[in-house]
């Protein structure tokens, strides 16, 4: 009884201790002065770690059970068939698909596994631990406290044999799987730190090459081992390394370990185990010549999944796809295409292929997100299929990608040991539109063997030599060999070459500890083109080294030739996307009969943008936010609006002390048809400290694109009251120069008093490539980019890899205010800012072209003699269908025999002025004795203003011998006060002045109909006379004028003394 009571008391104390232990983090946080947020963060990290740890343990148990159940199921089936499997043996003919069972090997491994564990324990305790303790003074108490390789051995699930590339080679593929209960614990007693591993999974395909085969014992000269693809790894950490199981750190830790394994055992890296001494082929076996090179054209994708969702999934957006292409350790990442489920990349990558069959290309598509990128699908393809077809172009279905398809073109490039096809390869590469880098013409392999008699350090000590091998901008480094003047590296490096006749390989031998030079050598690759089999094997004397310093290496060059019909034409156009017809002319042709394309090749989406014109009119019944005396005195608000659309943001002016403000401001933005976009409006009250929120509203952009015009009062959300009046219009670019005059005239009428000038056209420019750029001093190729500017808006392309023929393949759009006088300025520069050429393209040249577009090669000025750029530029006129100006109201024709109109604009009196395009000359109207005045009269309903534009006068009659200095004064009768008078600027010494000035009066439409407008044309007073000379007048009854038309009309001037 006493014992039972003691046990119960101990259990109660234990439960109490555990509960107190749960309170320990809160106590520690209070002791350290941390807040509740730190405690919650710690609890969240602990919960994530615990969940991930349980998932790992569950995965290990499931994998072990699956492995056991698979074997048990096969044995049970064999026993049921009476095949004598009672003793745990399987018949020799029981196999898995495509592989041969190796149960005898698994039995050997199972029996030898305990002895392997003893060897590992002895190795770690007697060799590794002392080395770790000697490496750092803080690790002097480091020790392995437990090394147990467990009872579950490594298993070989199957063996597949392949014929080698020659008779002295045997290839074996081992599908290995290790689901082990390994436990390794370490401890650093000085810091009370314990860590370890308990359980691990490793799965992958290990290739073993027996080469060379000898005619003497041991028959095989060496074993070469490597993983064809990155194996999968999962580790269960213990102790302090439990931190690596925290979400976020877990993937990083596993990735770091996999990168370490890949640096030794994943192609192109190999583990070489020589079985005979003095193996001369060690470097070639460790890094043999590739079997070939595969050029992968990443075309595009279709029907990708939408991963971007808003409002918790209620609103479905698109995705921002990019591609990751992986072949062993060779990894490339494409650019991100924003908001597109049918992206087009048109990028080219080149992969070195060593083992065929076996090596695969894996392409994964992801949706770019700020936090974690979402998988959109993946595909794999064995390079053996590419080797058979030579050129393979298909739409590949995506795994885990729904109906998604990926468009790839893969070309097998053969390695040729002679230069007879080099010119043909270079010729073809000029026609390949490759980005981000130009296509390669050859591959260089540098076998670094050894060096002899390197110079010693100043202290007389031997150096720690390492080698840097560079070709153009790519540099590789060898390992460091310590304390020797005659190091042996037995290493190899590979480089892609764009033009081997013009490139060099530079080698520098350095002392690793001080990075001081021990010698260098530079080899012109043109020497290899003349060498037998494009191979140079000799000792190279080192410059700036000892007199007998030598570097022993072998340089091997191989030309990359596409051995396919018509140089890889592919026999026809590429396959069309699923459910679509590809109508592009010449699609799929890999080459061309000409050196360069004559036309640019923009994406299908190029030039399809529209312009959204946002008219922010007014608001009413806003919430009053300005209160005084603690709210006892209720004030108003000082509202302003923020507008966001298509990535652009605008802000209106502040209207002081108004709950029903009127802004009447216009904003323009270039938009495309991408779902999920909104036009958003946020209203605020301007304050000294923090602006108060007055409400928000939005309009889906898809709705505006479908209806083309929206004019609504929108209720404000998240506030008690208020609504906003906006007008949204889609302007579709039209390739018609005949519309330009009407558009400019309409814009001059509806132009708000505040804000930027309205756009009259949309300019789309596609910059394809450049050619024959000048080479900088020192024969280094320029890394070029192009900058484009229209007025004060400028953009620039990416910077290409060094080349005289960079390919940008990028499109841009510009809003153009006055296409009849503006121009496109293009400059090509290198990455240092040095100009390589410039182009000025006047937009009137586009207006005179068919379909308002030009496409072709344009010479670059200020660079080399033959520098040129390939681009397409197209202009679209933006005609508003809901401006309030009567369509087709072109007004009266201009009288002929007039002076040319001035290009300059005159400024006067702070009034708003708008330059119009010159009208076309038509039949001359009847003669007027005193001349004529051209006016536009229009009532702007949105602004509630009467608008008058004074365009020009023609054939004025001089009143003296000297030419007059005319101007026009306007008076809105019957009032003749200062508020109703307006006056243009003065034009000097002319009888045909051009004004093009706009004036406004704040009157209601009823009031405007009752008014009369009087215009007086006068000559400014000269310095001598001080008198203003009257040249004529005009009297108009506005009730007789159609103020809704907005057309420009010519009116005959009358004598000043005549009656109205």
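Glycine residues also receive a Cβ, built from the backbone N, Cα and C atoms like all the rest.
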**Report entry** Segment assigned the feature region 'Disordered' in TrEMBL (from 567-605, 606-644, 645-683)
**Finding:** 567-605
Query raised in the report: In TrEMBL, which of 4-26, 27-49 is tagged transmembrane segment?
Result: 27-49
Query raised in the report: Per DSSP, what is the residue tally for the domain 'C2' (592-714) in helix, strand and coil?
Result: 10 helix, 59 strand, 54 coil
Query raised in the report: How does the domain 'C2' (275-396) divide up by DSSP, counting helix, then strand, then coil residues?
Result: 12 helix, 59 strand, 51 coil
Query raised in the report: Quick one: do the domain 'C2' (275-396) and the domain 'C2' (929-1051) reach 3+ CB pairs under 8 Å, ignoring pairs fewer than 6 apart in sequence?
Result: no
Query raised in the report: If you run through the domain 'C2' (424-544) with DSSP, how many residues end up as helix, strand and coil?
Result: 17 helix, 57 strand, 47 coil
